[in-house]
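A.B. asks: Structure incoming, see below.
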Amino acid sequence: MKNITILGATGSIGTQTLDVIRREKEELKLVAISANKSYKKVIEIIKEFKPKYAVLMEENAFKIVEDFCIDNKIDTKVLKGMEGMIYISTLEEVNTVVTSVVGMIGLVPTIKAIESGKDIALANKETLVVAGELVISKAKEHNVNILPVDSEHGAIFQCLRGNKKEEVKNIIVTASGGPFRGKKKEELIDVKPEHALKHPKWNMGRKISIDSATLMNKGLEVIEAHFLFGVDYENIKVVVHPQSIVHSMVEYKDGSVIAQMATPDMKLPIQYALNYPNRKESQIEPLDFYKISNLTFEKPDMDTFLPLKLAYEAGKKGGVMPAILNGANEVAVDLFLKGKIEFLQIGDLLQECMNKFYKSMEATLENVISVDKEVREYLGKKYDI
C-alpha cells in the first residue's frame, strides 16, 4: 500500500489523481490533500476518501471546512496555509507526494518533501524551472525518485529506461500547438482569454491553458527536461504534433528513435508515476492503429510564439533567469486573464523582465524567492494590481 499526499487536489491533475486512487484502492491510499479555496470540492473529497489531513490556503475556506468536519464529527484534521502544506508533505507515513499546485507556491513544500525522503510525483513545472539544480541535487542526496506526471516527461522517462545517458543524441518534446497552431503574429492581435482557453486536445486549468496557447508551457517543459534528464538545451527539440498521440521521443546516437504513444489522457502518466516501477491495468481507451489515419510533425514558430524562444534563452543563461521568466509569466498570464494586457504582450513582458532583473546569481532557494518577489512587485506596481 502506498500512502499519498496530493498538493492541489481540486485542480485538473489533482482530480484525475483522485480518479486513479479511486480505481486502485487496494494499492493506493489518500492520506492528505491541499487546496487553495475550493472548499466545496474539498468537502466532497473528505466525505469520499476520509483523508487524515486537509489543508486550505484561504482563510474563509479553511474555516468552512473546519466547521464542516467538527459539525459532522469527521476525524480529518484541517490545517491552513504554507505551514499546513509543508506539514502534509513531510508526514512520516506518506510514501509519495503529488505536487499538482500551480506556480511557485509548490517549491518549498516539494523541497521539504524531498528532504523527508518522499518520492515526488511532479506535475508542478515551476518547481524544476526555478530551482531545478537544487531540487535534483537534493533528490540524489536523499535517494528520492522524481517521477514526472505530465505526459511529455513521463514519456521521455519511459523512453530512456534501460538505456545509457551517453547514448542519447536528442530528446524530442512534442507539442499539440495549442489553439493557435499555424497562426501568425498579426492574426493574434485581438485574441481574448476565452479564445486562448479553448485547448484542442487537453482539459486543463486556466493558467496552463494560456501557457499552452503561448507555447510557454512547452518552454517550461524544455527547462524541466534539461534538469530531469541532464541533457543540454541544444539537444532538446520541440516538435508540434497536433494529434497528441506521440507524447515525446528520444533519439539515440545510432539513429534509432524510441517514442511513447498513447491515447491522450492524463490519467496514464499519473498512474505510471504512482505505481512506479510497476505498470497496472489502465481504463484509458487503447490506441487503434487502424483508425489513426496520419501523424504529422511540424517545426514550432518561435517568432510568433515568443515565450518558447525566451524559455530556451532563460534556460541557457541559467542561474536565476528561469525564475525571472517564470515569475513574469505567472503575473502576465493573470493580467491577460483579467483583461489588463493583450495576448501578445505576455511575451513582451517576459522579455522586459528578463532584461531588467537578470543578475549573475546561483539559483539557491533564497535567491530564486527573492528575484521572484522583485519581478512580481515590479509588475504589480506597473499594472496597479
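From the backbone N, Cα and C atoms, a Cβ is placed for every residue, glycine too.
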A.B. asks: Suppose a student reads Swiss-Prot and sees Thr10, Gly11, Ser12, Ile13, Lys37, Asn124, Glu126 listed for NADPH. Which of Gly178, Gly182, Gly205, Gly219 should they find annotated at that same site?
C.D. replies: Gly205
A.B. asks: From Glu59, Glu66, Glu221, Glu234, grab the residue that Swiss-Prot records in the same Mn(2+) site as Asp150, Glu152.
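C.D. replies: Among the candidates, Swiss-Prot records only Glu221 at this Mn(2+) site.
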A.B. asks: Looking at Swiss-Prot, which one out of Ser100, Ser176, Ser256 binds 1-deoxy-D-xylulose 5-phosphate in the same site as Lys125, Ser151, Glu152, His199, Ser212, Asn217, Lys218, Glu221?
C.D. replies: Ser176
A.B. asks: For Gly205 (NADPH binding site) and His199 (1-deoxy-D-xylulose 5-phosphate binding site), what Cα-Cα distance in Å is obtained after rounding to a whole number?
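C.D. replies: With distance taken Cα to Cα, His199 (1-deoxy-D-xylulose 5-phosphate binding site) is 10 Å from Gly205 (NADPH binding site).
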A.B. asks: My understanding is the cutoff is Cβ-Cβ under 8 Å with a sequence separation of 6 or more in the same chain; which residues meet that for Lys125 (1-deoxy-D-xylulose 5-phosphate binding site)?
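C.D. replies: The answer is Asp150, Asn217, Leu220, Glu221, Glu224.
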A.B. asks: Under 8 Å between C-beta atoms and at least six apart in sequence, can you list the same-chain neighbours of Glu152 (1-deoxy-D-xylulose 5-phosphate binding site), or say none if there are none?
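C.D. replies: Long-range Cβ contacts: Val173, Thr174, Glu221, Ala225, His247, Ser248.
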A.B. asks: Write down the Cα-Cα distance for His199 (1-deoxy-D-xylulose 5-phosphate binding site) and Ser12 (NADPH binding site), rounded and given in Å.
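C.D. replies: Pair distance, Cα basis, whole Å: 14 Å.
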